[in-house]
Every structure is written in structure tokens, then in C-alpha cells.
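Structure first, commentary second.
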Ligand code: S3P
């Protein structure tokens with residue numbers, strides 16, 4: 001991950017790209033395929049390092065998963081069919097693998113041990129281990145179950161009504177997956193704001209009944225999953241980098257094809273509209289279980305805005321690149337209610353503010369977000385770092401498209417976590 005990239009300003013960005021598969025949906029397709037009965041075929045699967053960590057973990061639990069030219073086949077074992085791994089389950093950099101897999105392992109009778117990289121070791125796990133313990137799972141980990149390494153021996157689970165203190169799809173999904181393994185009891189998870197609902201939608205595609213309302217989701221245990229075929233839409237969180245690039249690089253027009261527009265993920269589109277961007281969304285006619293659109297973005301005159309409340313979970317992963325967007329907007333952009341940023345792959349309040357400051361942005365950290373004042377000319381001649389965080393790396397690469405001097409990006413390899421062909425796409429569009 002210590003790769004250094006020299007990045008230079010671009011004249012304009014023009015053309016069309018097909019956005020790679022959604023990370024959240026790719027993880028879930030492998031996991032749910034593994035615990036379903038029958039064979040699941042997944043197309044447009046994201047071949048990023050995080051999703052490959054999920055594949056590797058489920059292979060270690062006896063699931064046959066074949067990958068050929070972007071198509072993945074998963075030979076499901078059924079909910080009771082996973083086998084005790086003889087090796088530790090290494091999740092790499094992936095929080096989604098860690099937390100959702102814990103929900104599945106909570107109901108197994110065997111022992112397993114989860115570890116990941118340094119970033120995973122810093123991320124809070126008690127938000128998942130605590131409710132799973134309440135349901136009857138035996139879980140331990142460093143500092144009383146707060147951090148990895150975590151060991152699990154599942155138990156006889158009982159349903160709970162859980163009020164999550166954070167809006168987190170990873171927490172909600174882990175509890176629903178554990179809830180699926182109770183014997184006929186109901187499990188309800190309520191959140192302060194609605195988080196992404198890919199688990200609920202995909203479980204339905206696998207034939208499971210899940211109820212969903214404004215801020216809660218519920219499931220009745222004892223239902224089985226039937227294998228299905230999944231087309232993974234393009235990841236709006238990856239598209240976000242080129243949406244911002246198209247808006248801030250002069251004389252640009254980019255067409256982003258096959259982008260997932262699940263309403264729990266489209267906060268970036270709301271923000272672009274609020275800031276006055278020139279954006280067109282063309283929904284596809286046939287909407288499978290996740291809606292898809294092509295999006296056209298053009299160079300825009302932008303104004304600052306306030307981003308907070310219910311909007312935050314809909315764009316939590318896009319905040320680094322939204323901060324960059326805000327440096328090119330007239331006036332102040334205030335991002336608040338976003339303290340979850342502190343427990344992502346890096347503390348993204350610190351890394352965004354620190355790195356954008358190096359290239360001349362007027363940005364300051366607050367307790368639960370940041371305030372950016374624009375419009376500023378970004379300067380180059382700086383060494384910036386991804387800090388091993390894929391989204392910080394991509395945000396800085398897009399920033400370098402408009403800096404007056406070249407920028408050196410350290411740890412550029414981190415980008416492979418979610419967008420392995422990011423630089424290919426960037427050079428394809430650069431004219
Ligand atoms: C994800 C949920 C979000 C998001 C992460 C992927 C998921 O995390 O930041 O990149 O796939 O469920 P939280 O659930 O912790 O908010």
C-alpha cells in the first residue's frame with residue numbers, strides 16, 4: 001500500500017465510464033449466497049480488495065466460490081451448512097465484512113476468530129458485539145469485545161428489540177442476520193436516522209420476509225434463503241469522485257453509466273443539486289431490486305450549503321469528496337452531525353481537513369464535521385497521503401486535477417479497496 005503516484009492537473013474531463021459494482025451490495029451477495037440453498041450467480045461483482053476479503057472468509061467456512069471474468073458463482077450451503085474454519089478469518093481493511101459476518105457467525109455452533117489490518121483494529125466493534133451478546137451469542141475480543149481480534153462461538157439466539165445509538169447499516173444488518181437464526185422470534189432494529197437498506201432489499205430477493213419502515217427494520221427467525229441471480233449496480237460512492245470531478249474541472253462533461261440510485265444512498269445527488277450543479281439523472285426503465293440510472297455531470301458554478309441530520313447517513317462515505325467540492329463553491333459549506341466520520345477507515349475529519357489544508361483549502365474541523373469556505377484555488381507542490389484510506393486517496397487524486405502544480409500521493413494503493421480501475425478511468429476521461 002505504499003505506492004506513490006505523481007498527479008498532475010488536467011485540462012478537462014470528457015467521456016463515458018461504467019461505474020464498478022457497489023461494494024455494499026457485492027459483500028452482501030457473497031454472504032447471502034453462501035447461506036442460501038442453491039447456486040447464486042453474481043454479475044458486475046466488485047473485484048476490490050474488501051469484497052475479495054469476504055470471498056476468502058466464506059471459502060474458509062467451506063463455501064465454493066468461483067470467480068471468472070467479473071461473474072461470481074456461490075454454491076450456497078444453507079444457514080446451517082457453514083463449517084468451522086481451520087484458520088482465522090482475515091477481513092483485511094473491511095468493516096462491512098467484519099460486522100455483517102459477526103451477525104452470521106452469532107448463530108453458528110462452531111468457533112471462529114476474526115482479525116483484520118491496523119485500521120480494523122482501531123474501529124469500534126462493541127456496537128455489534130453488545131447486541132449480539134444480548135441475543136445469546138458468545139463473543140469475546142480485545143478490551144472486552146470492543147476491538148479485533150474477536151472470537152465467536154455462536155449460541156441459541158433469541159429475538160430482541162434493539163434501539164441502535166448510531167445510524168449504521170452494518171449494525172442493523174448484523175442484528176437482522178442474527179435475528180434470522182432465532183427459532184421463529186421477531187427481531188426489530190430501530191435507528192436514529194435510516195441507514196442504507198441493501199440488506200433488507202437483498203434478503204427479499206433471496207425470498208426472506210423483512211419489514212421496513214421509516215427508521216426500523218424487522219425480521220422473523222427460521223426463514224431460509226433461496227439462491228438467486230444478482231446484478232450489482234455501479235457504486236454511487238465510487239461515482240461520487242467523478243461527479244465531483246465533472247463539476248469542478250473546467251469544460252467537463254462526464255456520463256456515468258449504471259449507477260445505483262437506492263434512495264438511502266443518494267445524498268451526494270441532493271448535495272450537488274443544493275449547490276447548484278449541472279446534473280441530469282436518467283433512470284433505467286427496468287428497475288431490479290435496486291434502482292439504477294445513468295448520470296450526466298457538467299462543469300458547474302457552485303454555492304455553499306449546509307449538510308446535516310437525515311442526510312448524513314445517505315452520504316457518509318462521500319463526505320471526503322464533498323469537502324473537496326465545497327472548496328470550489330462560493331461561500332460557506334457546513335457539514336455537521338457527522339461524528340461517525342471519526343470511526344471510518346481513518347478519522348475522516350482529521351484526514352480530510354489535514355490533507356486538504358496541505359493544498360490550500362480553507363477548511364476547519366469541528367466536533368461533528370467540518371466547515372469549508374470557498375472558492376479557493378488549490379495549490380500543488382505538496383506531498384499528500386491517503387493514510388491507507390481508499391476514499392481519502394481518491395478525493396486527493398480528484399483534487400490534483402485542479403491544483404496549479406503537481407501533487408504526490410502517498411499510499412495510492414489503498415484505492416484498490418473499492419475502485420481498482422480508478423486511475424484507468426481518470427486517464428480515460430482526461431483530455
Ligand atoms: C456500509 C455501511 C456504512 C458505510 C460502509 C458500508 C455497509 O457503514 O460507511 O462503507 O455496507 O453496510 P456504517 O454502517 O458503519 O455507517
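Just so you know, glycine gets a Cβ as well, placed from its N, Cα and C.
TrEMBL entries are annotated by machine, without manual review.
The following features are taken from TrEMBL:
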ACT_SITE  317  active site, proton acceptor
BINDING   23, 24, 28, 168, 170, 317, 344  3-phosphoshikimate binding site
BINDING   23, 95, 123, 170, 348, 391  phosphoenolpyruvate binding site
DOMAIN    10-426  domain 'Enolpyruvate transferase'
Compared by Cα position, which of the binding-site residues 23, 24, 28, 168, 344 is the closest one to residue 123 (phosphoenolpyruvate binding site)?
-> 344
In whole Å, could you give the widest CA to CA gap in the phosphoenolpyruvate site formed by 23, 95, 123, 170, 348, 391?
-> 19
Most crowded position, judged by CB atoms within 10 A, among 23, 348, 391 as binding-site residues = 391
Quick one: what's DSSP say for residue 317 (active site, proton acceptor), helix, strand or coil?
-> helix
So which of 24, 28, 391, listed as binding-site residues, have a Cβ under 6 Å from an atom of ligand 1?
-> 24
Measure from the Cα of residue 391 (phosphoenolpyruvate binding site) to the Cα of every one of the recorded positions 28, 317, 344, then give the nearest.
-> 317
Average the per-residue pLDDT over the domain 'Enolpyruvate transferase' (10-426) and send me the rounded value.
-> 97
